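Peer 1: Okay, these came from Swiss-Prot:
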{"type": "REGION", "residues": "77-248", "note": "region '8 X 22 AA approximate tandem repeats'"}
{"type": "REGION", "residues": "155-165", "note": "region 'LDL and other lipoprotein receptors binding'"}
{"type": "REGION", "residues": "207-283", "note": "region 'Lipid-binding and lipoprotein association'"}
{"type": "REGION", "residues": "259-310", "note": "region 'Homooligomerization'"}
{"type": "REGION", "residues": "271-283", "note": "region 'Specificity for association with VLDL'"}
{"type": "REPEAT", "residues": "77-98", "note": "repeat '1'"}
{"type": "REPEAT", "residues": "121-142", "note": "repeat '3'"}
{"type": "REPEAT", "residues": "143-164", "note": "repeat '4'"}
{"type": "REPEAT", "residues": "165-186", "note": "repeat '5'"}
{"type": "REPEAT", "residues": "187-208", "note": "repeat '6'"}
{"type": "REPEAT", "residues": "209-226", "note": "repeat '7'"}
Amino acid sequence: MKVLWPALVVTLLAGCRADVEPGPEVQLGKEWATWQASQPWEQALGRFWNYLRWVQTLSEQVQEELLSSQVTEELTALMDDTMKEVKACKSELEEQLGPVAEETKARVSKELQAAQARLGADMEEVRNRLAQYRGELQAMVGQSTEELRGRLNAHLRKLRKRLLRDAEDLQQRLAVYQAGIREGAERSVNTLREHLGPLAEQAATMHTLVSKPLQERAEAWAQRLRGRLEKAGFPVGDRLDEVREQVQEVRAKVEEQANQVRLQAEAFQGRLKSWFEPLVQDMQQKWAELVEKVQLALRAVPTSVPSEKQ
């Protein structure tokens, strides 16, 4: 835990971008090239991003499609796919929280919901800005649209920067929470092994101590019975009463041993329960502390957008 947590915080803070940029387009392209799209929602967002970059070229084909509703419809479909995958990822993570306290689970859900909402708002603003540009473009048919395209290009650069920032924020939050879940699960397994190992050894020893006397007594009784039958020349009927008495004696001893085993098993069960109850409470407390540290680290990440260089 002490080793993993600083590494997670360093990874989280490493996502902050520098304020100095060689150029908006070059810097954005360079940053997006490092985007790790391993999750379905990340891949869906990558498709949205690539389509937006194509729109921003404002080529002749883009200009033609902007005059219709094709571009906004395509962006809407890509946005819906992205948000669908984000919700699925969030739901899966919340299921993995399982045994943690409801208060902790609610805090995590609230943090992820806010990050998800910011990402959705960014994509919604991109779509609305292009719809606005479409209306402006239709109103200026036959006139020069150079200035209009310049304003759109500058606005899209800012929106792309904000989209990338919020996407990385959501990605980092999910990664930190997932790493916390894995670390907590591994620590819990190791703790269980440490506690159950001695108990398992004690149970094995108890079984040996109980079964060995029973086996030895049964063998001794069988030898005595065999010797007596041989001496009697197999007149079993004459010694039937004696055999019955010996059988009853062995049965009584077996029942006595079985009762002792039952009592020892009940004591073992009570001891096992006393081990587990504080362990579960400790797991819940440690997980709540882990989530609290994650949230403090995330709040420390700068959220302001660096100023655009004109």
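Along the chain as shown, residues are numbered 1 onward.
In case you wondered, yes, glycine gets a Cβ from its N, Cα and C as well.
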Peer 1: Limited to the repeat '4' (143-164), I'd like the whole-number average of pLDDT.
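Peer 2: Averaging the confidence scores along the repeat '4' (143-164) gives 88.
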Peer 1: By DSSP, how many residues in the repeat '1' (77-98) are helix, how many strand, and how many coil?
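Peer 2: Across the repeat '1' (77-98), DSSP assigns the residues as follows: 20 helix, 0 strand, 2 coil.
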Peer 1: When secondary structure is assigned with DSSP, how many helix, strand and coil residues does the repeat '5' (165-186) contain?
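Peer 2: In the repeat '5' (165-186), the DSSP-based counts are 22 helix, 0 strand, 0 coil.
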Peer 1: Just give the helix, strand and coil counts over the repeat '3' (121-142), going by DSSP.
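Peer 2: Per-class counts: 19 helix, 0 strand, 3 coil.
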